[in-house]
Amino acid sequence: MSWIDISQPLNHQIAGWPGDTRFAYKVEYSKKDTGSVNIGKITMSLHTGTHIDAPYHFDESGARVDELDVNLYIGPCQVIDVSEFQEITADLLSHFTINKSSRLLLKTALPNDPTIFPDVFPLLTIKAIDYLKDQGIKLLGVDTPSVDLPDSKQLPIHHHLHQSGIHILENVMLDHVEPGDYELSALPLAISDADGSPVRAVIRPLKGDSL
Ligand SMILES: Nc1ccccc1C(=O)C[C@H](N)C(=O)O
Ligand SMILES: [Zn+2]
Ligand SMILES: [Zn+2]
């Protein structure tokens, strides 16, 4: 089975977080300059497009990107469709059979348009996070720019996920993905001390017995 890209393309059209560093790419040294090669340069917030949050993003003493276990970001995952709901509650999640893959991707009601920063998007309740913890989830992926409200200063959902041992992957694209069991690869870059990292997130269907 082939891999399916669930990453937002990094280009000049991508919607960044309001007020944060926009994505830019240019050929800083051209083949004409160097006589041999084109050398590109990017400028971006580490929270642009499909990315992971290191706990240090919201907690001064939290782990940095290079301290995170790479095994979190590769392995079995489940995609569930919660797109009928504006709030993701424990009750709603309890109607799905969550498998033991420890990685969960939520396909929410927010349509995938990397060029638009949405005003509102679905959020998890605190009890929903407790439920995911009880189900053994270690990595939660969402198709929204954040797991908290855009103007939140307290970031209750980030903190509660962290306290529950659940790591965060944001801005995946799932509109073209059917719910089901997959294998995920969404490795952060090896950036020392960083608060987050862009990832290339891909999934491929798992056969029934390979969990
Ligand atoms: N760039 C920002 C600037 C200010 C406040 C938040 C951000 C975020 O990127 C939030 C992020 N996406 C998050 O939820 O982890
Ligand atoms: Zn982030
Ligand atoms: Zn976040």
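Just so it is clear, glycine is given a Cβ too, placed from its N, Cα and C backbone atoms.
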Same-site Zn(2+) 2 binder from H12, H158, H159, given that TrEMBL records D53, E170: H158
Candidate with the highest Cβ count within 10 Å, taken from the recorded positions H47, H51, H57, H158: H51
Same chain, 6+ residues apart, C-beta under 8 Å of the C-beta of E170 (Zn(2+) 1 binding site), given in sequence order: H47, T50, H51, I52, D53, G141, V142, T144, P145, S146, V147
Distance-selected binding-site residues near ligand 3 (C-beta under 6 Å), from W17, H47, H51, D53, E170: D53, E170
Contacting binding-site residues for ligand 1, chosen from W17, H47, H51, D53 when the Cβ sits under 6 angstroms of any of its atoms: W17, H47, D53
Shell list (Zn(2+) 2; ref centroid = CB of D53, H158, E170; cutoff 8 A): H47, I52, H57, F58, S146, V147, D148, L161, I168, L169, G196
